[in-house]
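In TrEMBL this protein carries:
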type     : residues                                     : note
ACT_SITE : LYS15                                        : active site, charge relay system
ACT_SITE : THR60                                        : active site, charge relay system
ACT_SITE : HIS261                                       : active site, charge relay system
BINDING  : THR60, ASP61, PHE165, ARG182, GLN233, ASN259 : 5-hydroxyisourate binding site
BINDING  : THR60, ASN259                                : O2 binding site
BINDING  : THR60, ASP61, PHE165, ARG182, GLN233, ASN259 : urate binding site
Amino acid sequence: MSSSDVVLGPNQYGKAEVRVVRVNRETPVHRLMDLNVSSLLRGDFTDCYRSGDNSRVIATDTQKNTVYAFAKEHGISTPEEFLLLLGRHFTAQDEVSGGRWTAESYPWERIQVPGPEGEPRAHEHSFVKSKQEIRTAALTVQDGVEHLLGGFSDLTVLKTTGSEFSGFPRDRYTTLPETQDRIMATDITARWLFAADPGAQGGAAETDFDAVYATVKQLVLEQFALVHSLSLQQTLYAAGEAVLGAVPEIEDIRFVMPNNHHYVVDLSRFGLENPNEVFQAGDRPYGLMNASVTRRGAPSRPHAWEWLGGFC
Ligand SMILES: O=c1[nH]c(=O)c2[nH]c(=O)[nH]c2[nH]1
């Protein structure tokens, strides 16, 4: 095979998992942002891969330093806005035509301490990590277009009733009994695509990313609780539909939901009844639901989702 028979395929490179903690000390009530940021650049880096020519390679170390310098110079208001700053900075450079910038944001809450009258108050500079879920953001710039995703991972929820699964086809390998009452539990990972260029031309100022985040999380939790579920798929769709109905800035929301099975333990061996009270929490295997819920007619924007493991 001659070297001309081989070509470099799609590629990106950069610094993964830059851990940056930004303290805002403008007032005695400090604010804290704790992020894990990755920066991956795209462009014509063929000569680097094929002949070791680094003359167009923005060092991954420089990318890391830029994250820290931007945290100082611009602060970190929201993960989405921080990624927009990074993406625009790098794509303004000749060598870079696009890229992918991602962030995980770890939530900290103020520690509650007794106030002067003994009532609880939020401490100014002491925090406790809140473990409910991790907020995420991802910005992809491809062919001059920005694709911005908000999201969260591992929002673990469980309901002890209000979930059924029946009516499915049976064949010689089907053993699962139909159930009208079961535990339903999942770790919800979601990403939502903002309508084209929410960050363009002052658009970032118009989109309140924190408010969108709070609304999406609340709606997803509400639907999980309130929908009498005939399947996890149905619950997933209801959550997506509620979000699209309430948040005009979002045009597509995608979920990854494992079905964290809970098996009713057979206690009849011990002469005991078990009317859905004692369960074995399953580990593996687990059901897995991946789906997107999209506005009809929304433009297809596959670049937003490519290489973002798990989302279809
Ligand atoms: O909500 C569910 N959806 C399924 O597709 C499925 N399949 C299964 O075995 N249990 C369940 N539960």
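Please read every residue number as a count from 1 along the shown chain.
Placement of Cβ uses the backbone N, Cα and C atoms for every residue, glycine included.
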Please state how far apart, in Å and to a whole number, the two most distant Cα atoms are among THR60, ASP61, PHE165, ARG182, GLN233, ASN259, the recorded 5-hydroxyisourate-binding residues.
-> 51
When distances run from the Cα of LYS15 (active site, charge relay system) to each of the recorded positions THR60, PHE165, ARG182, ASN259, HIS261, the nearest one | THR60
Row PHE165 (5-hydroxyisourate binding site), column other C-beta within 10 angstroms, all chains, value 19
Can you check which residues sit near ASN259 (5-hydroxyisourate binding site), meaning Cβ under 8 Å from its Cβ, same chain, 6 or more apart in sequence, and list them in order?
-> MET184, ALA185, THR186, LEU232, TYR286, GLY287, LEU288, MET289
Near ligand 1, which of the recorded positions LYS15, THR60, PHE165, HIS261 are found, taking a Cβ distance under 6 A to any of its atoms?
-> PHE165
Inter-residue C-alpha distance, HIS261 (active site, charge relay system) and THR60 (active site, charge relay system) (nearest angstrom) = 42
Around the Cβ of ARG182 (5-hydroxyisourate binding site), how many other Cβ atoms lie within 10 Å? Please give the count over every shown protein chain.
-> 20
Residues that sit under 8 angstroms from THR60 (active site, charge relay system) by C-beta distance, when 6+ apart in the chain = TYR13, GLY14, LYS15
Check each residue in the chain of ASP61 (5-hydroxyisourate binding site) that is at least six apart in sequence and keep those whose C-beta is under 8 Å from its C-beta; list them in sequence order.
-> LYS15
ARG182 (5-hydroxyisourate binding site) in three-state DSSP notation | coil
Could you say whether, by DSSP, PHE165 (5-hydroxyisourate binding site) belongs to a helix, a strand or a coil region?
-> strand
Neighbourhood of GLN233 (5-hydroxyisourate binding site) by C-beta distance under 8 A, where only residues 6 or more apart in the same chain count | MET289, ALA291
Determine the Cβ neighbour count for HIS261 (active site, charge relay system): the number of other Cβ atoms within 10 Å of its Cβ.
-> 18
Determine the Cβ neighbour count for LYS15 (active site, charge relay system): the number of other Cβ atoms within 10 Å of its Cβ.
-> 19
